[in-house]
């Protein structure tokens, strides 16, 4: 009889093999179990996520909020405020206007009627006499601390350029100045190199502090119903170092440069201040404002409040008539956005003719009196 041959295995080797087989079998089981659970979770998540509404860019815009600083003379609202509100509306979210002054009842009511304004904050008191930047800065900071705006906007005027850099410094953010366009809540368009180049800027600061070039934004219209008027945060905001004493304003029946539809401007070619009388007479007949180039101002022909250009006022009237102005790049930066430009100069190579819609190569001392006689 044949006997079955049995193979003997040492106990230690048997135990080791058994343990290893069990261990790897357990790992395979755990891996399969985990994979099954992951697949179940993925399926559940997919079913739940299909019923969720994903937030869009428009949804995030609801969380934007903008504070617009109103510029005024305690009686009427400066038109630049309506331009700033238009820019604020493009940022998205609620628009609030801050009106500070001594007696600003009519101004706050006018601001409340601007289309797109949800609320008007009013701060009245002697501390805001003259609208000093030193007094307005703590008021704006207190308002920002309480209401947490994402944007603070003002016109790119002497008022805005005095206040907003202080606000930006206190908030430790970089201001975005003199913008001409809004691409999104954090991306803006502005000019550089005296208007010869366009720059797109994206701000990563939590609070965007912006000045707006009014000529590039149409003024917002009147709303169907007035916005709510509330009190701004109160406190002792009077400046301890600066005091408003007085101001002397030039009164004129002519429209202001920034609001005029027609501007008649003179340059160094006028030769003297007395010769500007020709432009004054012409402007009165057309209902226009009178401006000047920096060369004419530096020569003492006219006061510096008439200066138009990069270091003067930025204008964009319906018609701009440049008389005796060569067209230096600094001057073009302040008027090149005018709808129609008319140039009168005896030099046919003058740079002003490169941007003019209509040009007349002639002696202004012969042409302007003739125009005055026929008007």
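Heads up, residue numbers simply count up from 1 along the chain you see.
Every residue, even glycine, has its Cβ placed from backbone N, Cα and C.
Per TrEMBL, the feature domain 'Electron transfer flavoprotein alpha/beta-subunit N-terminal' maps to 66-248. As annotated by TrEMBL, FAD binding site applies to 268, 293-294, 307-311, 324-331, 345.
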For residue 328 (FAD binding site), write down the residues of its own chain that are at least 6 apart in sequence and whose Cβ falls under 8 Å from its Cβ; none is a fine answer.
293, 294, 295, 309, 351
Out of 268, 331, give me whichever of these binding-site residues has the highest number of other Cβ atoms within 10 Å.
331
Ten-angstrom check, please: count other Cβ atoms within 10 Å of the Cβ of residue 325 (FAD binding site), all chains counted.
30
Most crowded position, judged by CB atoms within 10 A, among 307, 310 as binding-site residues:
307
